[in-house]
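Annotated features in Swiss-Prot:
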BINDING   132-136, 171-173, 198-199, 228, 260, 293-295  UDP-alpha-D-galactose binding site
BINDING   199, 293  Mn(2+) binding site
BINDING   262, 263, 264, 265, 305  N-acetyl-D-glucosamine binding site
COMPBIAS  352-364  compositional bias 'Low complexity'
DISULFID  79-121  disulfide bond
DISULFID  192-211  disulfide bond
REGION    340-395  region 'Disordered'
TOPO_DOM  1-10  topological domain 'Cytoplasmic'
TOPO_DOM  32-395  topological domain 'Lumenal'
TRANSMEM  11-31  transmembrane segment
């Protein structure tokens, strides 16, 4: 019976027509539609096997007003939404580590304090890059060497702030970021705050360092450490971007996470509790390379992180920008960045040995162990109202 059915002209015509329709659908981008339906849209395709030099196209940038050959100053149009100087994938090298003098020489347009403003057009975003730091001088120089030309090609107005934790106490990344946000906003009304780990180098300048007015952005979505994929859906670590209003709406970042681990998940929970959603660039765009390093003394695994995480729902309105205390020790305008040195105190709980095997913080073994120990998030209750930051005059 099936054979007789297939021999009918109308049946054959229907089958041939169906095949043609499927072929046309796929040729017109059906694979991308299916990808968006069943998984994360990978975005545009880039060839990372043939990257450009990270300093490509800088010589093509317009000269600043007053410079030799520059047109006279006048009212400027807005810079294009996507800069014509972008090149896509860029080479990232960890050796040799450049000196600060070499980085200054290669970035003559960068002004005191690590500030830059494009010539020839009005920037569409003023972005502050905030980098928590301690005892990572080689990493900092690599970041500055790669990040300055990367940002200049995007035609942004930007400033780089390095927030240095004074003393030898346990490292507190999230609290340093709170300090950096407060100090950066004393300088200027920035449109966008980029919170940037010192050991992550961007590999594609189409990954724009601008904020999304609809909600916080997690930008480091494809790190070589995790095989260029997102390790888990709630991950918010590495590099993230928020407007000042978004940052204050979630009461900033927590101050109580001393040592490695936990604060990224707390921050992702804050975003949800504040009624916002996380957005991300396509996986093909948000590529980062991590500078290899051993576990840092003073940044051991935080044995209290899981206890803190289960309290986030109730603690986020009390622990953050509205409870931030620190002592500003120095504010220095260097040729490549603004250095903020702050005394943020010490862990009031003191050290405690965690149970189970110890692995270097940030290692793949430590990551797997943490995922196995991860507790399910508490069910959200009624959305509380975030308190805003303390008055500007107080620390």
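Any Cβ shown, glycine's included, is placed from N, Cα and C.
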Give me the CA-CA distance between residue 228 (UDP-alpha-D-galactose binding site) and residue 121 (disulfide bond), in Å, as a whole number.
35
Length of the line joining the Cα atoms of residue 79 (disulfide bond) and residue 172 (UDP-alpha-D-galactose binding site), in Å:
37
To the nearest whole angstrom, state the Cα distance for the pair residue 192 (disulfide bond) and residue 132 (UDP-alpha-D-galactose binding site).
17
Spatial separation of residue 121 (disulfide bond) from residue 265 (N-acetyl-D-glucosamine binding site) - C-alpha basis, Å:
39
Compile a sequence-ordered list of residues in the same chain as residue 198 (UDP-alpha-D-galactose binding site), six or more apart from it, whose Cβ lies below 8 A from its Cβ; state 'none' when nothing qualifies.
131, 132, 133, 136, 139, 140, 143
Nearest to residue 121 (disulfide bond) in three-dimensional space, by Cα, is which of the binding-site residues 134, 172, 199, 263, 264?
199
Rounded to the nearest angstrom, how far is the Cα of residue 211 (disulfide bond) from the Cα of residue 264 (N-acetyl-D-glucosamine binding site)?
19
Between C-alpha atoms, which of these recorded positions comes nearest to residue 199 (Mn(2+) binding site): 134, 172, 211?
134
If you compare CA-to-CA distances from residue 211 (disulfide bond) to each of the binding-site residues 134, 172, 263, which comes out shortest?
263
